[in-house]
Amino acid sequence: MTSQQQVHPERQKRVDTALKFFTVAATITGIFLVILVIRMVLEYIVGMEMPDWATLIAQAHGLAYMVYLLSILNLAPKARWSVGQWFTTALAGVIPFFSFWMEIKRRDQVKEMFQI
């Protein structure tokens, strides 16, 4: 019989805070990416004329992606992710719908590992 190793409450708190930031950043990045893909399909495939403000969608996704990367840089060392986990999690912010799946996967892993 092996018992699960206890995680120090302070560490749990630090990881939980970083995880919440990551969750919000991943969700916002994913939403902007879906909106960007819809905009690009409408413009380049359907041929719809886009208003001037539509260019802001790509900029908003770019900004959200940078915040998403910061959230990964904040969470990954605390969660002791491997380089592969860092890379695939970062890549998830540029593949439509992948960020939603990856956020759920990483959140569940971190919650289980740190008993949050």
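Heads up, the Cβ atoms here are built off N, Cα and C, so glycines get one too.
Since this is a predicted model, take the numbers as computed values, not measurements.
Annotation comment: TrEMBL describes 19-106 as domain 'DUF3817'.
Long-range contacts of the transmembrane segment (21-41) within the same chain: residues 50, 54, 57-58, 60-61, 64-65, 67-68, 70-72, 74-75, 92-94, 96-97, 99-100, 102-103, 106-107, each at least 6 residues beyond the stretch ends and with a Cβ under 8 Å from a Cβ of the stretch. Feature annotation from TrEMBL assigns transmembrane segment to 21-41 (among others).
The transmembrane segment annotation in TrEMBL covers 53-76 (among others).
For the transmembrane segment (83-102), the residues of the chain that approach it from at least six positions outside its boundaries are 26-27, 29-30, 33-34, 37, 65, 68-69, 72, 76, judged by C-beta separation under 8 angstroms. Per TrEMBL, transmembrane segment is recorded for 83-102 (among others).
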Helix, strand and coil totals (DSSP H, G, I; E, B; other) for the domain 'DUF3817' (19-106): 76 helix, 0 strand, 12 coil
